[in-house]
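For Asp205, the entry in Swiss-Prot reads active site, proton donor, with the evidence type sequence analysis. Look at Swiss-Prot and you will find His5, Glu180, Met181, Glu182, Ser204, Asp205 tagged as purine D-ribonucleoside binding site, backed by similarity to another entry. The phosphate binding site annotation in Swiss-Prot covers Gly21, Arg25, Arg44, Arg88, Val89, Gly90, Ser91. Here Swiss-Prot flags Arg218 as site 'Important for catalytic activity'.
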Amino acid sequence: MATPHINAPEGAFADVVLMPGDPLRAKYIAETFLEDAVQVTDVRNMFGYTGTYKGRRISVMGHGMGIPSCSIYAKELITEYGVKKIIRVGSCGAVRQDVKVRDVIIGSGACTDSKVNRIRFRDNDFAAISDFDMTLAAVQAAKQKGIAARVGNLFSADLFYTPDVEMFDVMEKYGILGVEMEAAGIYAVAAEYGAKALAICTVSDHIRTGEQTSSEERQLTFNDMITIALESVLIGDKAE
């Protein structure tokens, strides 16, 4: 059952989908981590794949940049393809001095300057939080694999090139761990349609120091984040 943005047949997606922003990262995850991965959609070059990880059927699909883009894909996956869990695996920027480039952040919540969730929630503030069980499973996966991961709030920004640089001071004061562009939207879509969601991000650049990773590194590595996401699915299955 194709949608305007996904041309996969019914049953093409697993009940759990990992979602990076970059479709080429989706391709990398499928080719590197999944067995017997098959491409199931390619509309607008937003690639999606389904395969298995340690025998568990899992899908991966890009969601693009920003809340409007990721909201479209998340909504269609949930309502048209029966997806129950979405794990965003993406990059973020750091503002706190104690957060370093390549750190992994498990986003238990996501603040935002976007008005999209207010439109959804009748002009009220929606508390965009991750699913607790998925968050707990990710923390357990990180510990089991010996991967250091921080847990806390992300900030989902509408503008990549923001003119309000003073807002970074406010974010630091409030303990924001990473700045990205999608988590708050994905959390709200999941809540609206009865699914579950979690965002796991790797710090790709530091807004204060200027340190950054290359675009190639962002596309082809960040394996710790992906490992946590995949292992958390297996842990979650055992807990259910």
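Positions of Cβ are set from backbone N, Cα and C atoms, glycine also.
Features as recorded by Swiss-Prot, highlighted on the structure.
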residue	record	contacts (Cβ under 8 Å, 6+ apart)
His5	purine D-ribonucleoside binding site	Val43, Arg44, Met46, Ile72, Tyr73, Glu76
Arg25	phosphate binding site	Gly62, Val89, Arg218, Gln219, Leu220, Phe222
Arg88	phosphate binding site	Met19, Pro20, His63, Cys70, Gly107, Glu182, Ala183, Ile186, Ala197, Leu198, Ala199, Ile200, Cys201
Ser91	phosphate binding site	Gly21, Glu180, Cys201, Thr202, Val203, Ser204, Asp205, Thr213, Arg218, Phe222
Met181	purine D-ribonucleoside binding site	Gly21, Met65, Gly66, Ile67, Ser156, Ala157, Asp158, Phe160
Proximal but sequence-remote residues of the same chain as Gly90 (phosphate binding site) (Cβ under 8 Å, at least 6 apart): Pro20, Gly21, Glu180, Glu182, Ala199, Cys201, Thr202
Surrounding CB atoms that lie within 10 Å of the CB of the residue listed as 'active site, proton donor', all protein chains: 17
DSSP three-state assignment for Met181 (purine D-ribonucleoside binding site): coil
Ser91 (phosphate binding site) in three-state DSSP notation: strand
Conformational class of Gly21 (phosphate binding site) under the three-state DSSP mapping: coil
Binding-site residues compared (Glu180, Glu182) - highest count of Cβ atoms within 10 Å: Glu182
Cβ atoms near Arg44 (phosphate binding site) (within 10 Å, other residues, all chains): 13
